[in-house]
Amino acid sequence: QDGLKRCLAEFRQQLTWVERLDVTLGPVPDPVSQGASTSDAVDPENDFQREMSFYRQAQAAVLEALPRLHKLQVLTRRPDDYFAEMAKSDQQMQKIRQKLKSKQEAMERSEKAKQLRAMRKYGKKVQVEVLQRRQKEKKNMLNAVKKYQKGLSDKLDFLDEEQTSSQGNKKGNASQRTKKGPNAKRRYKNQKFGFGGKKKGSKWNTKESFNDVSSFQSKVAHNKGPGKGGRGGKGGKKALNKRPGKRARQKMKNRAR
């Protein structure tokens, strides 16, 4: 012990406190527990208690050192025009920024992929439920048909259910929802071929139609109307504008020469 004290006295430098700035104090009292928190009361395995002990000890050192520095007229605040270089270069900070950006983009892509997978699972689940419901309805209808065929049941309710289901599917089409009555094709066929009633002999003459001569036209009946010629049946303006034959055109060329 004497030798240690002698060695300590040899390399110890008798400097003022402002050159050493050493402060050795215990932590400030904990405001929560309202008592002095010593190092024995801190659980070293508890990260939160250990860090809070360091923080309170540093706080006690600041409360002790700041008044002494102000008393020695030592400035403790950084000037407004103070400039200090960073410990890391701009290139290193740029690399760090790029790495953080890439990590953030990777997290966003992962989140989007998770959402897509969840949506696909939900869609697949809905599809399976619809298929199961259709199979169940089909099975119930087949069982009802078998019972009816075997005479075990005289109800035809399954036919009504099938019709209502088919009507429900048809309602999905907007054009069918807006239209009422037969479509254009059906109306044309009804107009052309008739709809109900007597078909055979519908174009035969009756006594009234035989005596009705109001629509009779003699020129049309005797081929004397416009566009009708004598024997050939093609005359009028069309006959006048008819192009002469090849031989007649050749004779006309020879006469012109």
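Cβ coordinates come from backbone N, Cα and C, glycine included.
Where the annotation comes from TrEMBL, it is an automatic prediction and has not been curated.
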Quick check on the annotations: TrEMBL lists region 'Disordered' for one of 28-47, 88-107. Which range is it?
28-47
Count the residues of the compositional bias 'Polar residues' (211-220) that DSSP assigns to helix (H, G, I), to strand (E, B) and to coil, and report the three numbers in that order.
4 helix, 0 strand, 6 coil
